[in-house]
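Feature annotations, reproduced from TrEMBL:
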type	residues	note
ACT_SITE	2	active site, nucleophile
ACT_SITE	604	active site, for Fru-6P isomerization activity
DOMAIN	2-219	domain 'Glutamine amidotransferase type-2'
DOMAIN	286-426	domain 'SIS'
DOMAIN	458-599	domain 'SIS'
Ligand code: AGP
């Protein structure tokens, strides 16, 4: 999704801006641009479609030095990816602006501004903001006031970085629903949509809050809230290392991240289980009292994180905890009945997903008991706005297709199910058995990774296919959904997941020799049911690709492509069975030659709704 970087310093900021953009590349984008103010007070703008390297090449051929500048990676919402639509956008020679998010009332504003004589060059909603600020700048004679007045007229969720040739000592930023952080240097200041962009220049940050407008100079900064009052926001020191993620010996980040899973699962468990028990303090010091009062759980997330929530529902219900799971984009616009004692659980790798954040805010406003964020980014908005947090320790995930974030989310949710189950009669020896299974998990995931070569061979059968069906039952149904999502997002093969029992209610009509059917089969009470469902596929000539627990594999060997996943305790089976599906998607994508780590049209961090 779009990325913002801005800087005001006593040195040339162009290299800082370019490095910041490179560090935001993993978020997904289609074009990039930079605008700097030079010593003669000219705004120099350079934009390029494609990778940040294309912009870097442009700047090498025709440098744009300056001590004040803004830069952007764009993920198209309004208007196709093109140089014309790329940011920064300008209003004449006066104002340059970068923008993340969506301006919902841009059409009305555009008509008004056209009426005032402004000319538009792009199809974006952003250009409206540039002209609106320029218009107020003429009236106010002051960039900060102009931005404040413009922001007051905008509806939507956005963040902005603005410079003007009339004020070379000023960088103005605003946050309304889209993350933005100030980086504090010595005699220099920065803005970015993600701290990672600024780690080479500072570890010290201030996170803007909803409605804040910030006024940055080389020597300092001030922040004003929505009402225009001067406010102080807490300073934070980032613990993240500045090192740029590196693929090591792997061909893609995604494969590296798949293979990191045994280690990051072990990290996620570390210090959180001891002597056969889950330590409740891992949810925060206030957690025990909150957990005592929980009557039911609402889980809300998007995409892969939503699938983790769906697995958790099976685990929570097993412990007698009523649980609903919903995608955030629906939850935020419904009026869910939040009964007394509802714990709102959000799950997000990035912690910046716009819909998930909005759902959290609406649940808090509706009076949920408390909120718990299961998240991978400590400084994220979701973590800062939730009462309780359980951090997954997956490390930075670069591949747009989420892998290690998902399995560590499952581990975190397994811990949650245990601590809530304890309050509903989960006996100490039962808890010890569940904890023991978790302790074996890194080794079992390692074993599943041992299937890599066999899965690569299996992937050959998918190279020419246009569709695939994924099946699972019980807690493996969401695993099938995750397998289908992985395949479609990186190989562009249309893939759908069904609860295996639902097959005969419609999707069976699709099954023929051209439809590969993938199924995950742990050794649990539903095996006989799955056997029947797969017979239905075979009877229609469907080609079966199965990942089965070694305890039940003998039922499925004949006439199928079968890989055995060892024997896995049912309580952790969703984690282990996810691994071969990740590998399958990866190898099919490599075979098809797609951009595995940055698949088309997708963004890592979805900060617009
Ligand atoms: C996963 O492979 C996807 N790229 C996507 O579905 C992702 O899980 C979703 O956008 C939610 O992101 P979050 O976990 O950062 O909130």
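For all residues, glycine too, the Cβ spot is worked out from N, Cα and C.
Quantities reported herein were computed from a predicted structural model and do not represent experimental measurements.
The average pLDDT for the domain 'SIS' (458-599) in the predicted structure is 93. Shown for the domain 'SIS' (458-599): DSSP residue counts in helix, strand and coil, namely 70 helix, 28 strand, 44 coil. The DSSP breakdown of the domain 'SIS' (286-426) into helical (H, G, I), extended (E, B) and coil residues amounts to 63 helix, 28 strand, 50 coil.
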